[in-house]
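Taken straight from TrEMBL:
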REGION    1-20  region 'Disordered'
BINDING   46-51, 153-154, 178-184, 203-207, 272-275, A350  GTP binding site
BINDING   S50, T184  Mg(2+) binding site
Amino acid sequence: MGCFWGPSSDEDREQNKRNSKINQEIKKAKQSFKSTHRLLLLGGGESGKSTIVKQMKILHINGFTEEEKREKVNIIRQNVRDAITSICMAMVGIGLEPSEKMSEQSHSAYEYMTNIPSEFDFPQVFYDYVITLWNDPLIQECYDRSHEYQLIDSAKYFLDKINVIRKDTYEPSDQDVLRSRVLTSGILETKFEVDKVNFHMFDVGGQRDERRKWIQVFNDVTAIIFVVACSSYNMVLREDPSQNRLREALSLFENIWNNRWLRQISVILFLNKQDLLYEKIMSGKSRLEDYFSNFASYLMQSENAARVKGADQEDEMFVRAKLFLRDEFLQISTASGEGRHYCYPHFTTAVDTKNIERVFADCRDIIQRIHLRQYELL
């Protein structure tokens, strides 16, 4: 009898071992899942989400390899081409007639740029023409009115260093990589570790036709990082010229904040592109009140202004503008009064590594508290 049941008992023991191992792996996976902070980056197109992801790579994943930098060379050159051709193509539409006001040399360069094929190998004459155009007063005037058409934020940065980018030996710096622009399509996941804590950051395309994919990553999110380009107050959407970009961001934020599936998910608000906002406000060329009429009557609370100025002692006109934009979003987050989720605002400049390092260090404590609250450990 014993011999009859022996093999079966051996099989049972082996099966029990396998089951035990599987259960241990499941338990380990659950523990790993619970200890991982999943951050969802949301916001409109060109708000700076992908730049935040690049900063995480610089700060927490050993930066960019030489191969990755080499892969960016052609993208950066395409950014140069797109920038200068966008400026040229916009001239007539905003009332700047190139044939009347340009020198013969500049006009030849203009004709070249407006007839460039979508794919070409960037000959040296291309860079010569870029330099000619970028030094032309009419092109500079058109650039100064770039809020009237679509132009990448990094246009001036790359056009100013065209003599470096044109070299066969050109190697992009970290700053070049941060400022390079590629349209995000789909969902990109970045994994990194900070002080033995795992983070998974999901970057989802921000253009309208990409937003239908957001629902795919709503489950089990620790927190949402909503990124808004504050400098876009005088700009329109690339996909809808009738819609102001910042008003679209406010509408999008309101939809996310009031989404029934997200009512217990807190939002870390990155009020981004503070460097570009500063330039616009201080230039006085595009007044914030011309796009948001309620800014004219906006009053700062003195303690808030002093705290925001901090050690940098920023100009009061700029501080008033950034606080106004922050409060536009906070009005939405405080309107519900449910207290089931919270909004944590931060002023950011995504291309500034030190700024993002400091802000993310502050956010880690917030994320940790949110995470503990989710699993009822706090």
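Glycine is treated like the rest: Cβ placed from N, Cα and C.
Known features from TrEMBL, placed on the structure.
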{"residue": "S50", "record": "GTP binding site", "Cβ contacts under 8 Å, 6 or more apart": "V182, T184, L188, D203"}
{"residue": "L178", "record": "GTP binding site", "Cβ contacts under 8 Å, 6 or more apart": "T51, K54, Q55, I58, A350, V351, T353"}
{"residue": "N272", "record": "GTP binding site", "Cβ contacts under 8 Å, 6 or more apart": "S47, G48, V227, V228, A229, C230, T348, T349, A350"}
I need the least crowded one of these binding-site residues (V182, V204), counting other C-beta atoms within 10 angstroms of each C-beta.
V182
Where's the emptiest Cβ shell within 10 Å among the binding-site residues E46, T184, A350?
T184
